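Q: Residues or ranges marked as domain 'Tetrahydrofolate dehydrogenase/cyclohydrolase catalytic' in TrEMBL: 16-127. Here TrEMBL flags 148-293 as domain 'Tetrahydrofolate dehydrogenase/cyclohydrolase NAD(P)-binding'. The NADP(+) binding site annotation in TrEMBL covers Gly175, Arg176, Ser177, Ile241.
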Amino acid sequence: MNTAFPSSPTSTPHIIDGKAAAQAVLINVKAAVEAEGLTPGLAVVLVGNDPASAVYVRNKSRRAEECGFLSRQYDLPADASEARLLELITELNADPAIHGILVQLPLPEQINAYKVIQAIDPLKDVDGFHYVNVGHLSTGAMKEALVPCTPLGALHLIQSVIGNDLRGKHAVVIGRSNIVGKPMANLLLQHDCTVTLVHSRTADPAAVCRQADIVVAAVGVPGLVKADWIKPGAIVIDVGINRVETPDGGRLVGDVDYATVAPLSTAITPVPGGVGPMTIAMLMQNTLKAARRLTTGEQPGE
Ligand code: NAD
């Protein structure tokens with residue numbers, strides 16, 4: 001852990017290993033499941049046959065099994081009606097073996113995603129998208145909140161580098177989506193950072209970003225964040241996952257121009273292998289939290 005943060009700029013930044021951090025979280029989840037004699041149940045619902053979504057869902061189901069969970073996957077056809085999906089959610093809400101329900105997004109256009117998310121029992125909303133959980137997070141009711149997995153994973157990585165005490169750090173979050181940007185900003189605020197949200201209408205985002213001790217980029221624009229956006233010594237978390245075409249078929253890149261930004265930063269996440277693996281690990285942690293609460297009626301941490 002770097003206690004003298006932010007340090008002076010370095011040409012050998014700490015490359016944050018998201019795979020190793022995720023593995024450590026999964027080991028803890030599995031150990032807790034065994035020690036507590038719990039069988040958390042995770043239901044993952046896939047509508048349609050988008051290949052990327054199918055891979056995400058398969059990975060989530062596989063990790064759940066590895067953690068000792070009951071893992072159920074529900075595949076609905078691409079033309080499934082909203083009523084059919086809502087009916088399935090009602091069944092899962094009532095199923096005592098299921099503690100976490102995840103509906104893979106995006107959904108086909110005949111289905112209103114907002115309506116579907118709000119139909120999930122907030123106690124089983126392991127994605128943290130229900131407005132009850134959004135409300136818990138934004139009011140600071142952290143014991144009650146199920147927090148969206150990607151921001152939770154990003155926070156975990158930040159704390160793995162600079163420790164749990166983030167008081168007074170200036171964090172700039174780029175992107176204001178409900179899935180990443182806004183909950184990320186709320187989490188950092190909860191940890192006493194001074195938080196600025198940068199978005200597509202921000203005047204001079206580079207100048208705002210240059211003030212940051214911590215930068216979290218969640219935009220979806222390959223290489224948007226360049227060296228002149230970064231204060232030397234900053235910690236840089238790249239949430240972006242963007243496929244770019246290359247002569248040899250394409251590769252994944254983040255929202256940060258890694259080659260120019262890395263030498264300026266104290267620590268940086270690579271893409272792939274940074275925030276990505278943490279998302280699934282946090283989903284397992286959220287499902288364990290939901291299972292504990294639904295099984296024992298106890299609030300986690302009591
Ligand atoms: P989104 O499209 O919902 O939101 C993007 C946000 O970026 C918007 O709020 C917009 O205002 C902002 N934005 C767009 N252009 C901008 C610009 N030029 N300057 C500043 N801000 C700008 O996307 P999202 O769902 O939040 O995802 C963002 C990225 O993170 C994507 O690449 C996505 O693939 C990735 N992602 C990764 C994970 C993971 O597990 N690592 C999870 C979710 C999303």
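Every residue gets a Cβ built from N, Cα and C, even glycine.
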Q: Indicate whether Gly175 (NADP(+) binding site) is helix, strand or coil by DSSP.
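A: It is coil.
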Q: Around Arg176 (NADP(+) binding site), how many other CB atoms lie within 10 A of its CB?
A: 18
Q: Among the binding-site residues listed here (Gly175, Ser177, Ile241), identify the one with the smallest other-Cβ count within 10 Å.
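A: Counting other Cβ atoms within 10 Å of each of the binding-site residues Gly175, Ser177, Ile241 gives the minimum at Ser177.
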Q: Is it possible to list how many residues within the domain 'Tetrahydrofolate dehydrogenase/cyclohydrolase NAD(P)-binding' (148-293) are helical, extended or coil according to DSSP?
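A: Secondary-structure breakdown of the domain 'Tetrahydrofolate dehydrogenase/cyclohydrolase NAD(P)-binding' (148-293): 58 helix, 28 strand, 60 coil.
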Q: Could you break down the residues of the domain 'Tetrahydrofolate dehydrogenase/cyclohydrolase catalytic' (16-127) into DSSP helix, strand and coil, giving a count for each?
A: 58 helix, 18 strand, 36 coil
Q: Over the span of the domain 'Tetrahydrofolate dehydrogenase/cyclohydrolase catalytic' (16-127), how high is the average pLDDT in this prediction?
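A: Reported value for the domain 'Tetrahydrofolate dehydrogenase/cyclohydrolase catalytic' (16-127) is a mean pLDDT of 97.
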